[in-house]
Amino acid sequence: MTRPKPVALCILDGWGLSERREGNAPLLADTPNMDRLMATCPHATLTTFGPDVGLPSGQMGNSEVGHTNIGAGRVVAMDLGQIDLAIEEGLFAQNSRLRAFIVTLQDSGGTAHLMGVVSDGGVHGHINHMIAAAKALADENIPVVIHALTDGRDVAPRSALGYFETLQAALPDGVEIATVTGRYFAMDRDNRWDRVSKAYQAIVTGTGRKAASASDAVDQAYGQGENDEFISPTVLGGYTGAKDNDGFFCLNFRADRAREIMAAIGDPDFTAFETGARPKWASLMGMAQYSEAHANYMTTMYPKPEIVNTLGDWVAQQGLRQYRLAETEKYPHVTFFLNGGEEVSFDGEDRLMPKSPDVATYDLQPEMSSKEVTDAFVAAIEEGYDLIVVNYANPDMVGHTGDLQAAMKACEAVDQGLGRVLAALEKAGGAMIVTADHGNCDVMIDPETGGPHTAHTLNPVPVVVVGAPDGATLRDGRLADLAPTILHLMGLESPKEMTGKCLIS
C-alpha cells in the first residue's frame with residue numbers, strides 16, 4: 001500500500017468520553033467534524049490513568065504523564081508512584097540526596113523551607129510528600145517552615161481548609177506554615193512574571209497580605225471571592241522571609257509548573273523581574289529535575305530515568321522530518337515530555353509555539369490560540385513533514401476553569417480547526433490519529449456537590465484513525481500504544497524498547 005504522508009498525531013488535551021450528558025462539554029458542544037470522524041472512521045478508547053500510565057491505582061492522569069507515555073511507547077513509572085512507595089517502605093528519609101540536604105543545613109544552621117502543593121490531587125505534588133519531608137527534617141532537628149501552595153484545580157475549588165487540617169494534624173511540633181499562596185501565582189508556566197513575583201515576595205521576603213494562620217488566610221481569601229487556586233500570596237504570623245544559610249526544597253515533582261518560581265528563587269542569572277537581594281542559600285533541591293538549566297544550581301531528590309528510543313528519537317534516526325506544535329500552555333508537553341525529558345530537539349525536528357492569550361483565566365477567551373495552531377498545522381501538512389504532533393490546549397485549560405459554557409466553546413473552537421486540518425490532510429494524502437492525553441471537560445459539574453468540577457477525570461478518551469488502511473479496525477488500549485500505531489502508519493518498525501502494541505488490526 002502507499003504510505004500516507006504526513007502522519008499526524010492530534011492531541012485534544014482534556015477531551016474525555018462519558019455517556020452522562022450533564023456537564024459534558026464535548027457531548028453538549030456543536031462538534032460536527034469530531035462527530036463525523038466518530039461515525040465514519042475506525043475508533044476505540046484509551047485508558048489514561050492508573051497503572052496503565054505508570055500511576056497508582058485510581059490516580060487520574062495528566063498532561064505530563066500522558067505525553068511521556070505517548071512519546072515513550074511504553075508504560076513509564078511516574079514520580080508519584082515512586083515517591084509514594086519510598087514513603088510506604090520507610091525509605092524516603094534515607095534518600096541520599098535528602099540526607100545531603102540535611103547535612104548541609106546541620107552545618108549551616110539554617111532553616112529548611114519546604115514548598116509544595118497542599119492537596120492529594122497527585123498531579124504536581126501530594127500532601128503526603130510534604131508531611132514525610134517535614135518529618136524527615138524535623139527528626140534531624142532542622143528548623144522547618146512550610147510554604148503552602150493551595151490547589152483548587154486538581155481537587156475541588158474550595159477544599160483547602162480540609163487539607164490544612166490534615167497537614168497541621170500530621171506535622172511535627174515546631175513546624176510552622178509560613179505562607180499560603182494560590183497556585184495561580186506560584187505555579188505559572190506561561191511567563192506571567194507579575195504573578196510569580198507576588199509569590200516570590202511572600203515566600204522569600206515575607207512581603208504580602210497578612211494573616212494569623214493558614215485557615216485565616218483561606219477564610220480571608222474566600223471573603224474576597226478567591227477560590228483556592230487564586231488565593232493571594234499571604235504571609236502568616238511573624239514570618240519575615242528567608243535568611244542566608246537557609247535551604248529550600250520544592251516538593252512538586254512535575255517540572256513545568258515548578259520551573260518559573262524556582263528560577264526566581266535560585267537561578268543566578270535570573271532577570272525576569274527584580275528580586276532584590278536574595279538569600280545566600282546553603283542548598284536548593286527539587287523533588288524532580290525541572291530542567292537541565294535548573295540542574296546547574298539545584299540538586300534533585302529523584303532524578304529522571306533515561307527513556308531511550310522515544311517516538312521522536314526513533315523517527316529522527318530514520319532520517320525523517322517531524323514537526324511539533326502547541327501554544328505556550330502545552331508547548332513543553334509536545335517537546336520536553338514527549339521526548340522523554342530531553343530539552344533539545346532531535347535532528348529534523350522543527351517546532352512552533354504560538355503564544356497563549358494574555359487573559360487572567362481562559363474561560364474569558366475559550367478559543368485561546370487555536371486559530372494560530374490550526375494555521376500552522378495546515379501549513380505543516382502542506383510543507384511535507386513525515387510526522388506532525390499537535391496539541392490543542394483548549395478542552396483542558398478551559399475545563400480547569402469549571403465554566404461549562406466556556407468549555408463547550410473551547411470544544412467548538414477546536415472542532416472548527418479540526419475541519420480545516422482534515423481538508424488539508426485529505427488533499428495531501430495523509431493519515432492522522434485524533435486522541436487525548438486525559439479527560440477533563442467531559443465532567444464540568446461535580447456529580448456529588450453540583451458545583452463546578454475543575455479536575456481531570458477517570459473517563460476513557462477517544463482514539464480515531466483518519467486515513468486508515470481499508471478494512472482496518474481499532475482495539476481499545478492505552479497511551480503507550482499510540483507510538484507503535486503511528487510508526488505502523490509510517491511504515492516503520494518499532495524499537496524493541498517500545499512495549500506498547502499497535503492499535504490497528
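Backbone N, Cα and C define each Cβ position, glycine as well.
Features reported for this protein in Swiss-Prot:
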ACT_SITE  S63  active site, phosphoserine intermediate
BINDING   D13, S63, D437, H438  Mn(2+) 2 binding site
BINDING   H124, R153, D154, R183, R189, R254, A255, D256, R257, K330  substrate binding site
BINDING   D396, H400, H456  Mn(2+) 1 binding site
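Feature map: annotations from Swiss-Prot on the structure.
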residue: D13; record: Mn(2+) 2 binding site; Cβ neighbours (10 Å): 27
residue: H124; record: substrate binding site; Cβ neighbours (10 Å): 26
residue: D154; record: substrate binding site; Cβ neighbours (10 Å): 21
residue: R189; record: substrate binding site; Cβ neighbours (10 Å): 20
residue: R257; record: substrate binding site; Cβ neighbours (10 Å): 22
residue: D396; record: Mn(2+) 1 binding site; Cβ neighbours (10 Å): 31
residue: H400; record: Mn(2+) 1 binding site; Cβ neighbours (10 Å): 24
residue: D437; record: Mn(2+) 2 binding site; Cβ neighbours (10 Å): 32
residue: H438; record: Mn(2+) 2 binding site; Cβ neighbours (10 Å): 27
residue: H456; record: Mn(2+) 1 binding site; Cβ neighbours (10 Å): 31
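For D396 (Mn(2+) 1 binding site), the nearest neighbour among the listed recorded positions (S63, R189, A255), judged by C-alpha distance, is S63.
Here nothing among the binding-site residues H124, D154, R189, H400 falls inside 10 Å of the CA of D13 (Mn(2+) 2 binding site). The two recorded residues, H456 (Mn(2+) 1 binding site) and D154 (substrate binding site), have Cα atoms 7 Å apart. Comparing C-alpha positions, S63 (active site, phosphoserine intermediate) sits nearest to H438 among the binding-site residues H124, R189, H400, H438.
Taking the recorded positions S63, A255 in turn, the residue surrounded by the fewest other Cβ atoms inside 10 Å of its Cβ turns out to be A255. In the three-state DSSP classification, D154 (substrate binding site) falls within coil.
Surrounding the centroid of the Cβ atoms of D396, H400, H456, where the record places Mn(2+) 1, the chain contributes additional residues within 8 Å, namely D13, G14, N62, S63, R153, P395, M397, G399, H438, N440, C441, T454, A455. Put simply, the two farthest-apart Cα atoms among H124, R153, D154, R183, R189, R254, A255, D256, R257, K330, the recorded binders of substrate, are 17 Å from each other. D154 (substrate binding site) sits 8 Å from H400 (Mn(2+) 1 binding site), taking the CA atoms of both as reference points. Using Cα positions, the member of the binding-site residues H400, D437, H438 nearest to R257 (substrate binding site) is identified as H400. Distances between the Cα of H438 (Mn(2+) 2 binding site) and those of the binding-site residues H124, R189, A255, H400 are shortest for H400.
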